[in-house]
Amino acid sequence: MVTLMPYNYAAPRCGLIDKMIEPKVKRPKTDHTDTHERNRLCNLSQQQQQQQPQQQQTHQQQQQQQQQSHQQSHSSTVLASNGPSSAGAGMGVGVGGGGGSGGGVGGGVGQCSPLGLPPQSQPLQPTIGSLASLSGHYSNGNANPNVNSSSCSLATASSFAQSAGSSFSTYQQAGGTSGGVSGEDGVVGGATVMSHWTHDGTGSSAAVKSESRSPGQVHASLDNGSVAGSNLYGCSSASNPLDGGAVAVNSSAVAAAAAAVYDGKHDYYYYNSMQQYTPPPFYSGYGTPYAAATAARQAKMEPGAAAAAAAYLTPSYAASGNNNSQLYSSPYAGYNNFGQQDYGGYYNEQYGNYYSPANYSPYAVSSPSSSASHGHGFHVAASSNLSESPTDTHSTTPVHQTTHSPHSPLPISPSTGSGIGPLGNVSAAAAAAALNSSGGSSVGTAGSGGVATSKTTPTGKTGRARGRRHQQPSPTRSTASDTGNSEAVKPPERVFVWDLDETLIIFHTLLSGSYANRYTKDHSSLMTIAFRMEEMVFNMADTHFFFNEIEECDQVHIDDVSSDDNGQDLSAYNFATDGFHTNTPPGAPPNLCLPTGVRGGVDWMRKLAFRYRKIKDIYNSYRGNVGTLLGPGKREAWLQIRSEIEVATDNWATLALKCLSMISQRENCVNVLVTSTQLAPALAKVLLFGLGGIFNIENIYSAHKIGHETCYERIVTRFGRKSTYVVIGDGNEEETAAKAMNFPFWRISAHSDIRALYTALDMGFL
């Protein structure tokens with residue numbers, strides 16, 4: 001039974017509402033930054049508290065009004081929880097709906113609270129009453145005049161939103177447009193979801209002005225006059241601010257579920273507000289720091305404002321223990337981590353950097369489809385790109401928008417029409433297209449007509465991640481082409497590191513006779529073929545690659561001495577008369593090369609660099625036309641030797657070449673050769689065995705001096721740790737080095753191993 005008492009509707013009810021839901025505990029002492037502003041705004045509320053002693057009756061009257069307003073405005077059920085401050089929490093319900101065929105009525109129950117948030121919670125947050133009123137007032141296409149259902153004036157509500165001591169409240173703006181009519185099952189124009197889901201302003205012509213811009217109202221002018229949704233709580237409403245035709249709404253099932261979440265415990269939350277508005281321990285505010293990055297990407301925030309938003313959200317909202325940002329976030333809110341409510345400050349302060357480094361190993365291929373498991377980073381920082389992994393653009397790796405890792409702080413949206421994370425205010429199709437086209441780093445902005453534009457860097461990073469140092473060692477970074485990960489070139493997804501002898505080609509076992517013994521071949525004939533090929537290899541190395549001059553000063557990579565090259569034109573340079581091999585220190589052996597590589601000073605090193613540059617030019621010029629380099633006479637002999645080797649080895653090189661060709665045809669994979677042979681004869685082998693078209697000379701390394709493991713470290717330094725490395729070889733040395741680097745190893749010991757590798761590549765397992 002409800003007793004209706006006479007009440008003066010001209011007087012504001014701010015004081016009653018505040019006193020009605022006031023916690024019955026000892027209030028902590030809070031220091032406000034501006035006491036005059038608080039006293040000025042809540043002066044009426046203090047007078048009303050002294051004049052109205054009937055608290056319980058007005059309490060029941062207010063509850064009945066809220067229930068009636070909730071039932072009548074079933075088309076736009078927006079029931080918001082109050083601010084997280086346990087010091088002085090007020091209850092406000094903002095109801096804004098596009099009623100009728102063209103009009104939008106913005107109503108709200110204003111609130112005033114003499115108690116505000118603690119000092120660290122002072123940045124502006126809009127209240128329910130003020131923003132519900134302003135949303136109806138500034139709604140585009142509003143056919144009816146603004147109706148303020150609260151007895152507080154619009155000026156009072158709007159000025160209260162500016163106060164430093166205002167309670168934190170979420171809100172819902174439902175801008176009724178000419179196309180938004182009353183739908184079925186409680187769905188009308190405007191996003192009808194829980195207010196915690198949609199922190200989005202739909203007014204496109206004017207925004208709520210404030211002196212200190214909150215993350216929800218950052219730079220409305222940057223989006224052509226539209227207020228881009230900031231998605232402070234990780235979810236978006238998929239509404240389109242500039243779409244003049246219709247307003248995108250979520251499904252009625254989501255709205256019904258959202259209403260049921262609150263309605264089922266309406267009385268419980270209402271009467272026990274002082275316990276419930278300090279969130280229960282099974283809700284987690286774990287993802288609140290990540291909302292700053294989401295807001296920055298959505299509203300195109302500059303780094304200064306982004307840092308302010310991150311600093312605002314993390315200490316004042318998450319670290320203070322007020323982690324009810326996900327109280328009504330989604331039906332899946334119960335699946336969040338447990339027990340972090342009482343230790344919110346401990347988690348955010350002590351373990352704030354736990355997710356900062358990318359401390360997972362991208363090298364271990366645990367399954368054939370392991371590339372998909374690295375599609376989303378498991379441990380990422382708040383300002384880093386969530387989708388920075390190179391597998392996002394692979395054609396065979398699908399990108400699922402709603403798929404997150406088990407430890408991902410981003411909630412899973414229950415509706416396919418709602419955006420994920422930074423891709424708010426964009427339709428699902430446009431979000432997927434932007435994600436796939438820009439490598440997962442697109443920033444969805446609300447353009448005219450809802451067209452999503454992407455903002456990305458060539459490496460797939462966001463603008464704020466530009467220029468950061470890579471968290472990787474650089475053991476032997478030496479030259480221009482063998483440098484770290486360049487910002488202008490996206491690193492490959494997979495790097496296949498091949499061994500040369502007995503993996504890609506059969507050569508040493510032919511010379512030793514072990515291949516003939518294993519496969520019961522003619523020992524003498526195979527050795528004869530092998531010796532002929534060996535002679536051709538060393539002739540090419542001596543004639544064209546200066547092997548007789550640089551044998552004792554062999555390098556690991558073709559560009560290791562390029563820093564000593566002054567770029568002199570070598571077209572008319574005479575290498576035979578430059579005195580390179582005669583400038584030897586007194587008393588030194590004839591072909592001594594010191595460990596540092598310095599033999600005859602700067603001039604000698606420059607001449608050595610000239611030779612390696614000439615080797616590089618010859619390789620690049622004749623890699624696809626070796627017969628021209630050999631000459632007509634040697635060309636026929638070379639083709640004959642290759643044909644005989646193919647017959648003797650049962651087309652071993654042909655099978656390996658198929659695997660190499662399949663990898664080289666992929667846009668995001670690269671073949672790298674690491675051989676124990678010296679660099680000059682290794683280049684001759686590559687050309688003579690027909691592999692020059694596959695391997696660029698920059699992708700060939702010699703492990704003759706430094707070993708395979710050091711070569712692998714240099715390769716990782718060059719391509720970066722985000723790539724996946726697969727080592728393919730036949731010996732124990734390659735396998736040991738691969739295990740030391742945590743690289744998967746594919747052993748090649750027979751023809752069946754090459755066929756299995758080809759099948760794995762063809763099926764997309766590698």
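Residue positions begin at 1 at the first shown residue.
Using the three backbone atoms N, Cα and C, a Cβ is placed for every residue, glycine included.
Listed in Swiss-Prot:
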type: ACT_SITE; residues: ASP499; note: active site, nucleophile
type: ACT_SITE; residues: ASP501; note: active site, proton donor
type: BINDING; residues: ASP499, ASP501, ASP730; note: Mg(2+) binding site
type: COMPBIAS; residues: 22-40; note: compositional bias 'Basic and acidic residues'
type: COMPBIAS; residues: 45-76; note: compositional bias 'Low complexity'
type: COMPBIAS; residues: 89-110; note: compositional bias 'Gly residues'
type: COMPBIAS; residues: 365-384; note: compositional bias 'Low complexity'
type: COMPBIAS; residues: 385-401; note: compositional bias 'Polar residues'
type: COMPBIAS; residues: 472-486; note: compositional bias 'Polar residues'
type: REGION; residues: 22-131; note: region 'Disordered'
type: REGION; residues: 200-223; note: region 'Disordered'
type: REGION; residues: 365-419; note: region 'Disordered'
type: REGION; residues: 437-489; note: region 'Disordered'
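The two recorded residues ASP499 (active site, nucleophile) and ASP730 (Mg(2+) binding site) have their Cα atoms spaced 7 Å from each other. Sequence-distant contacts of ASP730 (Mg(2+) binding site), defined by Cβ-Cβ distance under 8 angstroms and a gap of at least six in the same chain, are ASP499, GLU502, THR503, ARG747, ILE748, SER749. When the active-site residues ASP499, ASP501 are compared by the number of other C-beta atoms lying within 10 angstroms of their own C-beta, ASP501 comes out lowest. Annotated Mg(2+) site ASP499, ASP501, ASP730; additional same-chain residues within 8 Å of its Cβ mean position, judged by their own Cβ, are LEU500, GLU502, THR503, LEU504, THR675, GLY729, GLY731, GLU734, ILE748.
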